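Copied over from TrEMBL:
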- 2-277: domain 'UvrD-like helicase ATP-binding' (DOMAIN)
- Ala23, Gly24, Ala25, Gly26, Ser27, Gly28, Lys29, Thr30, Arg275: ATP binding site (BINDING)
- 278-553: domain 'UvrD-like helicase C-terminal' (DOMAIN)
Amino acid sequence: MVKLNAAQLEAVRHLDGPLLVLAGAGSGKTRVITHKIAWLVDDYGVKPSQIAAITFTNKAAKEMKERVGKLIGGRAEGLTVSTFHALGVRILRQEAASVGLKPGFSILDAADTTALFQELAGNIDKGRLRALQSRISLWKNMLVDPAAALQDAADEIEATAAKLYVDYERTLRAYQAVDFDDLIRLPVTLFAEHDAVAQRWRSRIWHLLVDEYQDTNRCQYRLVQLLTQGRDSFTAVGDDDQSIYAWRGADSENLRLLKDDYPALKVIKLEQNYRSTSRILHAANTLIANNPKLFEKKLWSEHGQGDAIHIQTCRDGEHEAEWVGSRLSAHRFERRTKFSDYAILYRGNHQARVIEQQLRAQRIPYVISGGQSFFDRAEIKDITCYLRLLANQDDDPAFIRAVTTPKRGIGGTTLEGLGRAAGRSHQSLFAGIYAPGLDADLNTKQRTALREFGDFINRIEARAAKEPAGQVLNDLIRAIGYESWLFESLDVREAETKWANVCDFVEWLGRKGEEEGKTLLELAQSVALLSMLDKGDEEQDAVQLATLHAAKGLEFRHVFLVGVEEGLLPHRDSIEPAKLEEERRLMYVGITRAQASLTVTWCEKRKQGRESMPREPSRFIVEMGEAAQKASEQRNTVPDADTARAKASALRAMLAAKR
Ligand SMILES: Nc1ncnc2c1ncn2[C@@H]1O[C@H](COP(=O)(O)OP(=O)(O)OP(=O)(O)O)[C@@H](O)[C@H]1O
């Protein structure tokens, strides 16, 4: 086996029970997983179809498949590499009946569920709605069902959330739909209640490997337990210092729990970092030393000192974006690097806009991840609603969007009448079209319009089960007159962009159908999961823009960390100790993405609404220690020397105060 150190090799070859590889950033955790898969197949003779690897994002799954492909090529055929969510979908599609779902059930994405919550909760403000929604999501991830939530509600606020939870679940089931949380929760309850089903899945997975274990929540932890029960042989890799999803219910305590739940657990630590220079690593280690430790580990690197860390003070957000663009271009010119060697990372999506504007002005190509997904665009959702309806005619939200987009003379009054009739016979809206007694609620013209739509969907559905996916979808879009509707209802430029996106989507789905040998109906069943995917990430020479959350697991030669200010990083809502620790881990994730150079910027002023507010450098700059502090003094040679000097002494003062 090439290029594995002794500890990595031990982790690869350990098969006598559960294994936790506990290691810092850039120490080769993902590498252990890919090499272990290759070793299991090539040296141990395990069939790839009996191995499943779980990653945190679709992007990571794609990368892992590629890395395994490079190691063992076509011999990886049949291997499962997927996110927890995608694995959940696979289980639920096959076992749908056991959880009271039809195999074609719909998956609602975040935008769909927010719309549904809005409908159920009535007229309440967005902040409150978000709070209720995340409370319910946390319940789901903690495996608390609506009845238990209602019973255990501690106060009026919780009782309101629990009642909403009851309504929400009832409505989802009526639509034959699930949300993202259900994709993991339902398989867990299914396995817990039906041991024979769990046993069947266990017998399919001989070895399970889980990446980014520190970010699993209770529900995901249970799924791993249920899938490995009996044999107790699996490989989990994780780093407690990179746990950044506590706000979504992730619990790095799961790392510690493993020891209690699996007394035979073997723990292997990896301490050599292969990614970053010693300076970068030192700054990361010094910063994270401010957090309490779950597990003690020291990271070291053989890559030499490397470039000094550069801390740049900027006047405001515009200046920062301009400076980063110019600096990046100059650096690229000096070092003869590629655009794709660079990443610009930030705490929140809203920070991207001004940077994007500058990069465009300076003609620097970029790709963005962690922002609005291609699949969340209105025009793509218009089309995917048709797909959802083809797969599941009980999906009322998809029905409503499809039947009214493009406009076809079916409006609010018709839908209200249909809703009454469907409600009386306890049917979905689509089934309601064909229900007897519809003439009591709707006139002939309205009934005919609905019939035509229903018949059209049925015709397409019959074709979608057997003809090539791309062709059927093309015909569907032509038949509904989507292109002309776009051009009639929008200005030309907007319509052109949207139409180009639709064509892109049709071509992409057609190709996917061919490559995976799937019909449109089969593709339609996983279409909601697409919103978790970055479609624009095909290989190209472009700077990567990403939130710190989206950058997890990735690495870049040169990293710009922007907006490192109090209020932004740490975020102003996360100043209390537990949340502050998570913010610090986010900063740690950001620093450790860098291989060769790290530049940190912050602004003296930043626009907040209409006003420009004064800002302070983030405490994390100080916590990066001497390396960063020295760098801020050196930086006095760049323009804005006066402010730079003033800020360097402010940093020194902060550092002194801390000591
Ligand atoms: N034994 C090794 N020899 C040479 N390079 C290695 C070795 N192990 C890992 N690397 C390289 O180090 C880098 C980091 O590895 P990897 O991405 O697997 O780390 P990780 O622990 O998963 O990182 P993170 O948790 O920060 O995402 C990669 O470029 C990888 O190819």
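Any Cβ shown, glycine's included, is placed from N, Cα and C.
For the ATP site, whose binding residues are given in the record as Ala23, Gly24, Ala25, Gly26, Ser27, Gly28, Lys29, Thr30, Arg275, the maximum C-alpha distance rounds to 13 Å.
DSSP assigns Arg275 (ATP binding site) to coil in the three-state reduction, outside any helix or strand.
Ser27 (ATP binding site) carries neither a helix nor a strand DSSP state and counts as coil. When Cβ atoms from all protein chains are considered, those within 10 Å of Ser27 (ATP binding site) total 28, not counting its own. Here the Cβ of Ala23 (ATP binding site) has 27 other Cβ atoms within 10 Å, regardless of which shown protein chain they belong to.
Listed in sequence order, the residues Arg31, Asp239, Leu270, Asn273, Tyr274 complete the 8 Å Cβ shell around the ATP site centroid, once Ala23, Gly24, Ala25, Gly26, Ser27, Gly28, Lys29, Thr30, Arg275 themselves are left out. Ranking the binding-site residues Lys29, Arg275 by how many other Cβ atoms lie within 10 angstroms of each Cβ puts Arg275 at the bottom.
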